[in-house]
Amino acid sequence: MELKPKLTRRNFMKLAAMMGATAFLTTYKSEIVKAVSEVKDYWHINWLNGAACTGCTISFAQASEPDLVQILTEITVGTSGLPIALPDYMETIHPASGSLAERLKDERWAQGTPGRRVLIVEGAVQEEGYCTIAGKDFRDHLKEAGEVADAVIAVGQCATYGGIPAAKPNPTGAMGVSEFFKEVGINKPVINIPLCPVHPDHLVLTIAAVMIGATPDLDEYGRPKAFFGKNMHDEICPYRPYYDRGIFTRRPGEEGCRYVMGCKGPITKTDCALRKWNMHISYCVETNMCIGCSEPGWPDKFSPFYKPVASLPAVLGVDFGTLGQGLLGAAAAGIVIHGVKRAVTSGKKEEKEE
Ligand code: SF4
Ligand code: SF4
């Protein structure tokens, strides 16, 4: 008897949200491959790099389920026989180089060329003059590509919200793709997949969703709700029972909640705790703590990293919307505040003894 629900365009992202990106990819791999192979049009991919460390490219290359070889050899789009994610243009891996690479990109991306186009952007957009590729400003590359794209995906914290290049004092005027599009009058939605770096499962699933027409439902910051709809601290952190009992770590490696160390889980929406990294082995909170890289305003809004989140909702473990719901929350808050105080006090005592 078949226990798993049938995969359709409608429930594609819903199932991804329920199961977590990685489990969804594993469970529905053959159905996803089939759905992509039935797509009518071939989708050209243009992957542009602005102000970035190329970490998102590396992360994508380390995809594990499916891995990059499977992506390039087993998942073909429509009747083209071509892989789902073989960018026509991607500086770090495309086989052509120099003027040939630029010419091929322009030809395949030009209006009138058969197929549809998905633009993937890695890295922030800076003011004119700071990033020039093949003699042309990155802003012009991006504007031209954005104008003809059928779908736009910004990957990683820098392309989504500006990331580290946009940190104070932001000397190059760095910003994310949506902000740049607003500035130059391109009025089309940008699917923001943040994190530093982007998670390959998020990206592979989003590309597949776009191609089969299962457009992801986005939150107010342009993020797919399927991946970024949950507050990590309130909904999915396995260390939450420690928080509720007031057991806090002060150093990586100790057992307990990382709140006192400065964990930003209480103000971060992401599915990291379910999905994890590197073949589902571990994630930031397991090895240290969350620094909030899925959120707009990062890193400034989350600095200093090693300081507990100060706002009231985070301290109470509930948001303002649920604060009025009764005494239960207040009682829990009392336990938590007591726990936090106890941990901070015992830490001070330890420091004196050292
Ligand atoms: S503070 Fe961090 S480690 Fe502690 S429960 Fe919240 S998200 Fe988990
Ligand atoms: S756990 Fe936090 S810091 Fe780590 S990748 Fe997820 S959002 Fe970023």
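Note that Cβ sites are derived from N, Cα and C of the backbone, with glycine treated the same way.
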- Item | TrEMBL annotation, [4Fe-4S] cluster 1 site containing CYS53, CYS56, CYS158 - matching residue among CYS131, CYS196 | CYS196
- Residue from CYS158, CYS196, CYS237, CYS257, CYS263 whose C-alpha is spatially nearest that of CYS290 ([3Fe-4S] cluster binding site), among the binding-site residues: CYS263
- Item | Mean predicted confidence [pLDDT] for the domain 'Cytochrome-c3 hydrogenase C-terminal' (228-306) | 93
- Rounded to the nearest Å, what's the C-alpha distance separating CYS56 ([4Fe-4S] cluster 1 binding site) and CYS272 ([3Fe-4S] cluster binding site)? Just drop the number here, would you? 16
- Note on the structure: When the binding-site residues CYS53, CYS290, CYS293 are compared by other Cβ atoms within 10 Å, fewest goes to CYS53
- Scan CYS53, CYS56, CYS158, CYS257, CYS263, CYS290 for binding-site residues whose C-beta lands under 6 Å from an atom of ligand 2 and note them, or write none. CYS290
